[in-house]
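**Q** Annotations per Swiss-Prot:
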type     : residues : note
COMPBIAS : 514-529  : compositional bias 'Basic and acidic residues'
COMPBIAS : 537-547  : compositional bias 'Basic and acidic residues'
COMPBIAS : 590-601  : compositional bias 'Basic and acidic residues'
COMPBIAS : 622-647  : compositional bias 'Basic and acidic residues'
COMPBIAS : 655-671  : compositional bias 'Basic and acidic residues'
COMPBIAS : 696-713  : compositional bias 'Polar residues'
COMPBIAS : 724-733  : compositional bias 'Low complexity'
MOD_RES  : THR442   : phosphothreonine
MOD_RES  : SER446   : phosphoserine
MOD_RES  : THR448   : phosphothreonine
MOD_RES  : SER735   : phosphoserine
REGION   : 514-558  : region 'Disordered'
REGION   : 578-606  : region 'Disordered'
REGION   : 622-759  : region 'Disordered'
TRANSMEM : 12-32    : transmembrane segment
TRANSMEM : 36-56    : transmembrane segment
TRANSMEM : 105-125  : transmembrane segment
TRANSMEM : 133-153  : transmembrane segment
TRANSMEM : 172-192  : transmembrane segment
TRANSMEM : 206-226  : transmembrane segment
TRANSMEM : 244-264  : transmembrane segment
TRANSMEM : 295-315  : transmembrane segment
TRANSMEM : 319-339  : transmembrane segment
TRANSMEM : 361-381  : transmembrane segment
TRANSMEM : 415-435  : transmembrane segment
Amino acid sequence: MAWSQVEISKPHLAYAIIGGFTSLFMLCSLIIKEKLFLGEATMATATGLIFGPYVAKLFVPTSWGNTDYITEELARVLLVVEVFAAGAELPRAYMLRHWRSMFVMLLPVMIFGWLVSTGFMYALIPRLSFLESLAIAACITATDPVLASSIVGKGKFARRVPGHLRNMLLAESGCNDGMAIPFLYLAIYLIIEKPARHAGRDWVCIIILYECTFGCVLGAIIGVIARKMIKFSERRGLMDRESFLVFYFVLALFCGGIGTIIGVDDLLVSFCAGAAFSWDSWFSKKTEESHVSNVIDLLLNLSFFVYVGAIMPWPQFHMPHMDLSVWRLVVLAICILIARRIPAVLLFKSFVPDIINWREALFAGHFGPIGVGALYTCLVARAELEVHSTVPEPNDAIENPEIPNWYCIQVMWPVVCFLVLSSIIVHGSSIAFFMLGKRINTLALSFTRTRDSHFAFNLPRVRQGQSLPIKRVDALRSSANSIASSIRRRHPVNIQEDEDADISTVSLPEAAHLREERAESPRGGHYDAEEFPSEDYESRQPRRSNEEDREEEMNPGDETYLIGEDLVVEDSQGNIISHTSSRDANGPSIDEKLAQGDPKAKSFGRKFRSFLRRSYDTFQRNLHEPDDERQREPTLGHIESSIENHRPRYSRQNSESHLRENSVERRRREQVLTNIGDSESEDDNIPRPGIVPFYNENNESSSDTRNGLLSDNVSESRSRRPSRAPSAAVSSEGSPVEEDNEAQHRPNIRFLELTRAWE
């Protein structure tokens, strides 16, 4: 008999194991999460397996009594807190502004995954009926918000996920845990109720209308009332800071308790209450710096997954007398993890506005983990099939093979547990394998030769996936000053003695990339040391070593993500501000596609739109032109207009868009060109103000140009570049004229060169 002072009890041993593991995990949590990219669920499950009843035999929850009931209630507490936090962390009015994405992800995608999982279970487990396969498949339809925390939380990898995709996965994982109840009860009612028409009636009236619809309304009412009450208390000074921070946790417990008491879906009540509670993002902004929700979630997740690792039914994974073997479960897990969500998300990608391209669709389809929600739904299903209640009976009650649906009750728990274990391994380590493969593939040896490498020390370290700010023109001054100050710190100061001056002048060495060519200022001038004084290095604030803080300093507002060929700009809440595709930006225009014979651009709609654009451009050019001028004899201006109209649209806009003239300028230009032919007595070699004459090969003025007959000599004009008029103004008598007088008497003429138009 051992000494009474060191007697070990089961609860105290459980406290020591869970507390010891949690302490060790927190001491090295940064390395595990940020370096190894492993979540807390994976490490906690492995700890439970080691200390559980099949290895160390120190932590044995199966000896505590009714294990199913304990597991169900622990899972209920964790889920109501997690789904409430998921709803509270969403941006302002997210469910209303993104209802289309949520509708597609919660109904078509879930139904597709439910039916696909049913087919695999019905094919691989031979003794299961189709309705029983529907019931088991409904347990794994929902995604888990706990396992999805690695991509929807605040970790290092989650910051690389675009905000719109992260918010969509967060809202889906919080809402579909409660949405799995209708799928489950449809299969259960079809199994236990005869005839089938009663099953449909009860399913619509009890499950859809009362439990789900009324549960959502009740949760929204609770959230709105709680939001108004906490605002009132905070304004009147009735709450302290500690109570304010923990208010969301106790409100989640209240939603779970009141939902269970009145018989509605408590998970939907909690999620809707969280979304309504933080509908205006007021509470999220108030608690943004405290991180109290993350602390509570971490404690609950670590404790529960240690418990999950200890209750895994390892002997039941291989039961030959039940036609259940390990290879069937392995094949089933592979098929379900691949085909449950990925094909559905790729299929409905065009109907989800928050999914931009196939890369995001593949990412969203892969991260649909199976976790705590599957265990909770499985225990509810077993209780309904056993005793037609949500409270499970002790395990001894299901040992009788004479009860209905005995085989389904026996194989349901090991099948769901194996799928949960597979999801923990795959989704918990997929980020680690992704980052490892990415790092291996990007190893390269590069060599760059520069004249001076001092400027490289001032460049920020850019990591793949990190958003980069686009600096405005005003920020160029500070950039130049920072480069100059860094060069001053690394080079010695040269002191040159001035013989005429009493003091010495200090000259600083120039930057290597600014030594030959002077740096241009934003206004077109040069940077001057007196105009832009360098800032003192000692007065600068020291850089923070935390990478996240440095990234926040670089990107205080909008964030930019390059996803494949798509450039997405988001605000701080994950809303898409702009979406640009490189294919659209760099691709050929409509006119180029029509010229190249693109079959997609030859459709009637594209041709008609191109025709309307050309017609509108022609109408705008001829809008102010008088009718009498259109009937005149073709002159140089009309020939230029005809050439301009026959040019492609994209070349007109890019080359001569700044030379458009109005009707007054056109009349002045034609009047001056007409006077050229009338002044035969004047010297033709004297250039007139504002007029650029054309010259032929013999350097003589062309008579065809004076008469306005250029249509026969267009090909000859293309081979000659027109010479420019001299800069100095010359009068008709050959004497120079002052610049001011020349500017006053010079006509406002914009002469379009034919050779430039044809180029």
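Every residue, even glycine, has its Cβ placed from backbone N, Cα and C.
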**Q** For the transmembrane segment (244-264), what are the same-chain contacts with Cβ under 8 Å, counting residues 6+ beyond its ends?
**A** 76-77, 80-81, 84-85, 88, 210-212, 214-215, 218-219, 222, 226, 230, 234, 270, 273-274, 277, 283, 286-287, 290, 292-293, 296
**Q** For the transmembrane segment (206-226) and the transmembrane segment (172-192), decide whether they are in contact, meaning at least 3 CB pairs lie under 8 A, counting pairs 6 or more apart in sequence.
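**A** Yes, since the transmembrane segment (206-226) and the transmembrane segment (172-192) share at least 3 Cβ pairs closer than 8 Å, they count as touching.
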**Q** Could you check whether the transmembrane segment (172-192) packs against the transmembrane segment (361-381) - three or more CB pairs closer than 8 Å, residues at least 6 apart in sequence?
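**A** Taking Cβ pairs at least 6 residues apart, the transmembrane segment (361-381) and the transmembrane segment (172-192) are in contact, with 3 or more under 8 Å.
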**Q** With CB pairs under 8 Å as the measure, which of the listed stretches 36-56, 105-125, 133-153, 295-315, 319-339 comes out on top against the transmembrane segment (361-381)?
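**A** Between the stretches 36-56, 105-125, 133-153, 295-315, 319-339, 133-153 has the largest tally.
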**Q** Near the transmembrane segment (36-56), which residues from the same chain, at least 6 beyond its ends, have a CB less than 8 A from one of its CBs?
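**A** Same-chain contacts beyond the ends: 17, 21, 25, 29, 62-63, 146-147, 149-150, 156-157, 298, 301-312, 314, 371, 421, 424-425, 428-429, 431-432, 434-435.
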